[in-house]
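Participant: Can you keep this structure in mind? I'll have questions shortly.
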Amino acid sequence: MGSSFGKLFTISTFGESHGGGVGVIIDGCPPRLELDINEIQNDLNRRRPGQSKITTPRNESDEVEILSGLLGNKTLGTPIAMVVRNKDHRPKDYSEIKKTFRPSHADATYQKKYGIQASSGGGRASARETIGRVAAGSVAKQLLTKFAKTEILAWVKRIHDIEAEIHPSEVTFDEIEKNIVRCPNQSAADLMIQRVEAFGKEGDSCGGVIECVVRNPPIGLGMPVFDKLEADLAKALMSLPATKGFEVGSGFGGTYLKGSEHNDPFLPSDSNQLKTATNNSGGIQGGISNGEDIVLRVGFKPTATIRKSQKTIDEDGNAITLKATGRHDPCVLPRAVPMVEAMVALVLADHLLRQRGQCTD
């Protein structure tokens with residue numbers, strides 16, 4: 001019941017971290033959309049484990065198989081099914097902790113809710129579930145490029161207490177991908193990498209903030225009042241594993257400003273487009289996109305599973321000391337960048353189809 005998302009462009013993800021595979025079914029994608037399969041694989045490669053010294057060493061190729069919905073590389077308008085097989089899962093790594101509630105992990109709440117859980121690898125609570133989201137998000141990005149020439153870029157803004165000065169309007173994809181932490185500010189990236197490595201050696205972890213910009217978004221996306229654009233973006237992004245906060249535009253910083261400081265003055269224009277002198281609104285006003293860049297940020301907590309000893313309990317409520325084994329990211333942010341892009345793309349693609357259906361010219 002909680003594994004589907006969207007109204008017109010819908011996705012349903014399936015699979016567990018240590019099961020046979022994970023994947024997604026997309027429904028509502030328009031027909032005759034020409035897809036670049038390499039782009040889907042490239043996005044999955046950016047998400048996959050084992051890609052650098054600061055990510056989990058789990059070695060998965062994450063090669064996507066497209067089972068339905070395409071003729072050649074064109075969409076048929078029918079459900080698109082994609083799957084990635086799990087090849088390097090190690091259930092034995094979890095044999096000693098399968099009845100242990102890891103602090104701040106989903107073990108305890110899944111067990112209390114369902115009375116059963118896939119303890120090996122975290123099951124559906126694992127970040128491996130996001131493979132389906134990233135694959136579907138890649139399709140959504142290609143749809144947005146074709147119909148609106150929209151570009152979506154995300155990057156690591158902060159790790160622990162190291163924050164990079166970045167201008168969202170100037171960031172390029174190549175700048176983001178030039179280092180393993182996916183921060184376009186190289187001097188800050190070097191410090192971030194050192195910090196993640198240091199915490200990893202201690203058996204600890206750290207969190208941070210990912211920032212995202214949407215360039216050339218269509219005007220009019222968002223369905224007030226309950227499906228405002230920022231509301232759906234918040235829901236989508238807060239559904240990602242390890243997320244703890246969301247803000248758009250000036251965010252919480254805007255609460256320190258006066259109205260005269262925060263308001264975005266409209267500029268005269270000969271076109272039918274809206275232009276503002278500033279963008280504290282982050283491209284969204286009244287829950288509807290105004291055509292300016294959409295700028296948002298997502299906070300991720302430190303990885304819950306760490307090698308340091310922690311006090312916890314088992315399923316029977318007995319006090320125990322946990323020292324987790326297995327393979328885990330000391331920081332999820334570098335691999336979460338394509339996840340953020342994917343969820344933003346899925347929301348925008350869904351709202352684009354809804355806008356075209358309700359408010360056609």
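Glycine residues also receive a Cβ, built from the backbone N, Cα and C atoms like all the rest.
Marked as NADP(+) binding site by Swiss-Prot: Arg47. The FMN binding site feature in Swiss-Prot is assigned to Arg124, Ala125, Ser126, Gly286, Lys301, Pro302, Thr303, Ala304, Thr305, Arg327.
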Participant: Taking the Cβ of the residue listed as 'NADP(+) binding site' as reference, which residues of that chain separated by at least 6 in sequence fall under 8 Å from it?
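Facilitator: Listed in sequence order, they are Asp62, Thr130, Ile131, Val134, Arg335, Pro338, Met339.
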Participant: Please state how far apart, in Å and to a whole number, the two most distant Cα atoms are among Arg124, Ala125, Ser126, Gly286, Lys301, Pro302, Thr303, Ala304, Thr305, Arg327, the recorded FMN-binding residues.
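Facilitator: Binding-site diameter by Cα atoms for FMN: 44 Å.
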Participant: Translate the DSSP assignment of the residue listed as 'NADP(+) binding site' into the three-state scheme.
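Facilitator: It is helical.
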Participant: Measuring CB to CB from Thr303 (FMN binding site), give everything in the same chain under 8 Å that is also at least six residues away in sequence.
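Facilitator: Thr303 (FMN binding site) has long-range Cβ partners Ser205, Gly207, Ala242, His328, Asp329, Pro330, Cys331, Val332.
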Participant: Reduced to three states, what secondary structure does DSSP give Thr303 (FMN binding site)?
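Facilitator: For Thr303 (FMN binding site) - judged by DSSP and reduced to three states - the answer is coil.
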Participant: Hey, does DSSP put Arg124 (FMN binding site) in a helix, a strand, or just coil?
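Facilitator: Assignment for Arg124 (FMN binding site) reads helix.
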Participant: Within 10 Å of each Cβ, count the other Cβ atoms, then let me know which of the binding-site residues Arg124, Lys301 comes out lowest.
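Facilitator: Output over binding-site residues Arg124, Lys301: least Cβ neighbours within 10 Å is Lys301.
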Participant: In sequence order, which residues at least six apart in the same chain have a CB under 8 Å from the CB of Ser126 (FMN binding site)?
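Facilitator: In sequence order, the residues whose Cβ lies under 8 Å from that of Ser126 (FMN binding site) (at least 6 apart) are Glu16, Ser17, Pro241.
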